Amino acid sequence: MCKTQGAILATITSSAENNFIKGVISNDINECKRNPCRHGRCVNKDGGYKCTCSLGWTGQDCQRVLKCPGDWRKYNNHCYKLMTTTVSWSTARSRCRQHGAMLTSINGQGENNFVKNLISGYPYGKRNVKPIIWMGLQKGASGWKWTDGSKFDYSNWAPGEPGKRKDMNCAIVYSKDYRHLWIFTKKLDLGEWDDFKCRVPCAYVCEKSV
């Protein structure tokens, strides 16, 4: 530790020097009393302190906010990105992992609104591309589960969804108000969820911690 400060351990060669060192030790103050950690917890140490930063903050005194890289968008200390290359659900999951991310999980109304705004308008005028986006929700033997392990206690299924077909085991979110071409009376709204065949090529949203 001393070497990192450009110093060496003290040597004491006289009573005067010993008395001086005693004074330094007795006068060591609690650095945490001045609240140096702006967004974190302070731990006092001999001759100093250490900050443990709250989620979303960094720096010696937890003074710098962590940001999302490039064109990723931030919400509640997580970063999100809409990937517009259309791929199967399993390929989408693999590609998110390549970015150190997962297919997004949506755990509340606020997050659903954020994702809805993120994907709104896709596929941006392209014809013959359905306005559907993969998320990290998949059906298994015990029901629907998020692939990141978060609790499945919120949903925004479209009316009548999910259906009971056994070949629709992955979930999408609609990026536009939409009418099924084969069911003209069924209107689906931006931000609503539906079950879909996992092999269908779709765009997808990746999510990772800041």
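Quick reminder: no glycine exception, Cβ is built from N, Cα and C everywhere.
As given in TrEMBL:
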type	residues	note
DISULFID	Cys32-Cys42	disulfide bond
DISULFID	Cys53-Cys62	disulfide bond
DOMAIN	28-63	domain 'EGF-like'
DOMAIN	75-207	domain 'C-type lectin'
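Here the features listed in TrEMBL are placed on the structure.
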| residue | record | DSSP (3 states) |
| --- | --- | --- |
| Cys32 | disulfide bond | helix |
| Cys42 | disulfide bond | strand |
| Cys53 | disulfide bond | strand |
| Cys62 | disulfide bond | coil |
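Within its own chain, the domain 'EGF-like' (28-63) has Cβ neighbours under 8 Å at 77, 210, counting only residues six or more beyond its boundaries. In terms of DSSP secondary structure, the domain 'C-type lectin' (75-207) contains 21 helix, 46 strand, 66 coil.
Cα to Cα, Cys42 (disulfide bond) and Cys53 (disulfide bond) are separated by 9 Å. Annotation for the disulfide-bonded residues Cys32, Cys42, Cys53, Cys62: lowest Cβ count within 10 Å of the residue's own Cβ, Cys32. The domain 'EGF-like' (28-63) scores a mean pLDDT of 76 in the predicted structure. Cα of Cys53 (disulfide bond) to Cα of Cys32 (disulfide bond): a span of 14 Å.
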